[in-house]
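Report on one structure; see the data block that follows.
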Amino acid sequence: MKVGIDRIEFSTPNRYLDLVDLAHARGADPNKYLIGIGQRKMAVPTLSQDIVAMGANAAEGMFGGLDDKEKASIGLLIVATESGVDQSKASALFVHDLLGLPSSMRAIEIKEACYGGTAGLQLAADFVRAHPGTKALVIAADIARYGLNAGGEVTQGAGAVAMLVAENPHILALEERSVVRSRSTDDFWRPNYSAEAFAKGKYSEQVYLEMFAEDWREAESLGLTQVSGLQALLFHIPFSKMGRKGLRTLESVIPVSDYERLTARFEKGIMYGQEVGNLYTASLYLSLISLLERDESLCAGDRIGLFSYGSGSVAELFFGILQTGYRDRLNRTGHEALLAARQRLSIDEYESIFSASLVTDGSQQDIEDGDPAALHALIRMEGHERFYR
Ligand code: COA
């Protein structure tokens, strides 16, 4: 049975910070951010644009194309995030309510740093294989926060990707064989008491590259990496330079023509991420959308590799085959318009939005609406509860 991504959509806040402005404000050379880190802009969410709102808005983007029967066949909703809004209640339940999904289904949240989206996708694929006729909705949604003036400030961002997983998918059929490894590391983490993440940036790069090399070697030994048949190789992209470093490790080990093809496609795959920044769980899948929408030369039947990395750490290399008619399921014009319509923030505006916080004493807080045009937003806190539009 072919199972994979049948629909895919993303949402991102309607405001951004230009990283040249950030470089000037922090006394850095803009080329460090633009070339050294490889990013151009980062999305800046307001309090109303939390992961529940962004996740639901991403899914709404595909729901216009779903009939009632398809909606009723969704048996599993997974929200993957490392920016959860509650220690107990799954953010998937807020999303489930906002989307008006059937009650006869499972709705859960998954966490393993930036790997969570892939954990969700693979579990969803297994669920669909085990329950023929059902579908699963996977939402990867995150807000990357390191702090004003922090080392990782330039690698912040926000957004969500929603994927509908189904039999006979219209976009990407997932191969069942993949390679995956887990190992406890302390390269990046966010303690329960902290609103900002901590990262040992250089160590994290090292673990990412080590685990990619281990995955690649194992995949090679299993015969999964015949590069002449691999049309693209996507990477988890906390910032584009990280994925580029991963790809470069193959430069001396695969034929030049294959390396050039993978590099050209890698460039298409980082275009959207360079505009919104790190989406943690959703970064790899935003890269997939970017590749599929910005590359004109891929065809149905082409094989794509995807390397997923989550600090802490889990790393999986998996593969998929593009399906006939996949372009009809994409929304390049809409996504380009979404990115182009965003408001550019000044540094003062960015710092003010970044510093705003939700009440923690149970009092009522009406949240300023960051984007009245969006279907879903966090609108109020009251009695420690969250209320959404
Ligand atoms: N022009 C071009 N490149 C420049 C430059 C300039 N003027 N100035 C610096 N650079 C390059 C550096 O050579 C370096 O390149 P390299 O990585 O290829 O060696 C790169 O820019 C970054 O510079 P560096 O001084 O190493 O940056 P930093 O100490 O500020 O750290 C990160 C950068 C990305 C490590 C840091 O922002 C971070 O920790 N971010 C969080 C990462 C993360 O999320 N990890 C976990 C998820 S996988």
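Quick reminder: no glycine exception, Cβ is built from N, Cα and C everywhere.
Database features (TrEMBL):
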{"type": "ACT_SITE", "residues": "Glu82", "note": "active site, proton donor/acceptor"}
{"type": "ACT_SITE", "residues": "Cys114", "note": "active site, acyl-thioester intermediate"}
{"type": "ACT_SITE", "residues": "His236", "note": "active site, proton donor/acceptor"}
{"type": "BINDING", "residues": "Asp29, Tyr146, Lys245, Asn278", "note": "(3S)-3-hydroxy-3-methylglutaryl-CoA binding site"}
{"type": "BINDING", "residues": "Gly151", "note": "substrate binding site"}
{"type": "DOMAIN", "residues": "2-167", "note": "domain 'Hydroxymethylglutaryl-coenzyme A synthase N-terminal'"}
{"type": "DOMAIN", "residues": "261-324", "note": "domain 'Hydroxymethylglutaryl-coenzyme A synthase C-terminal'"}
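Projection of TrEMBL feature records onto the structure.
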residue	record	DSSP class
Asp29	(3S)-3-hydroxy-3-methylglutaryl-CoA binding site	coil
Glu82	active site, proton donor/acceptor	coil
Cys114	active site, acyl-thioester intermediate	strand
Tyr146	(3S)-3-hydroxy-3-methylglutaryl-CoA binding site	coil
Gly151	substrate binding site	coil
His236	active site, proton donor/acceptor	coil
Lys245	(3S)-3-hydroxy-3-methylglutaryl-CoA binding site	helix
Asn278	(3S)-3-hydroxy-3-methylglutaryl-CoA binding site	coil
Expressed in Å to no decimal places, the gap between the Cα atoms of His236 (active site, proton donor/acceptor) and Lys245 ((3S)-3-hydroxy-3-methylglutaryl-CoA binding site) is 11
Close to ligand 1, in the sense of Cβ under 6 Å, among Asp29, Glu82, Gly151, Lys245 as recorded positions, are Asp29, Gly151
DSSP assigns the residues of the domain 'Hydroxymethylglutaryl-coenzyme A synthase C-terminal' (261-324) as 30 helix, 18 strand, 16 coil
Of the binding-site residues Asp29, Tyr146, Gly151, Lys245, within 10 Å of Cys114 (active site, acyl-thioester intermediate) (CA to CA), in sequence order, we find none
Pairwise CA distances across Asp29, Tyr146, Lys245, Asn278 (listed as binding (3S)-3-hydroxy-3-methylglutaryl-CoA) top out, in Å, at 22
CA pair Asp29 ((3S)-3-hydroxy-3-methylglutaryl-CoA binding site) / the residue listed as 'substrate binding site', Å rounded to integer, equals 14
Nearest to the residue listed as 'substrate binding site' by C-alpha distance, among the recorded positions Glu82, Lys245, Asn278, is Asn278
Over the domain 'Hydroxymethylglutaryl-coenzyme A synthase C-terminal' (261-324) the mean pLDDT stands at 98
Rounding to whole Å, the Cα atoms of Tyr146 ((3S)-3-hydroxy-3-methylglutaryl-CoA binding site) and Glu82 (active site, proton donor/acceptor) are apart by 13
Ranked by how many other Cβ atoms lie within 10 Å of their Cβ, the recorded positions His236, Lys245 are led by His236
Filtered by Cβ under 8 Å and at least 6 apart in sequence, the residues in the chain of Asn278 ((3S)-3-hydroxy-3-methylglutaryl-CoA binding site) near it are Met42, Asp142, Ala144, Thr155, Gln156, Gly157, Ile237, Pro238, Phe239
Glu82 (active site, proton donor/acceptor) sits from Lys245 ((3S)-3-hydroxy-3-methylglutaryl-CoA binding site) (Cα to Cα, rounded, in Å) at a distance of 24
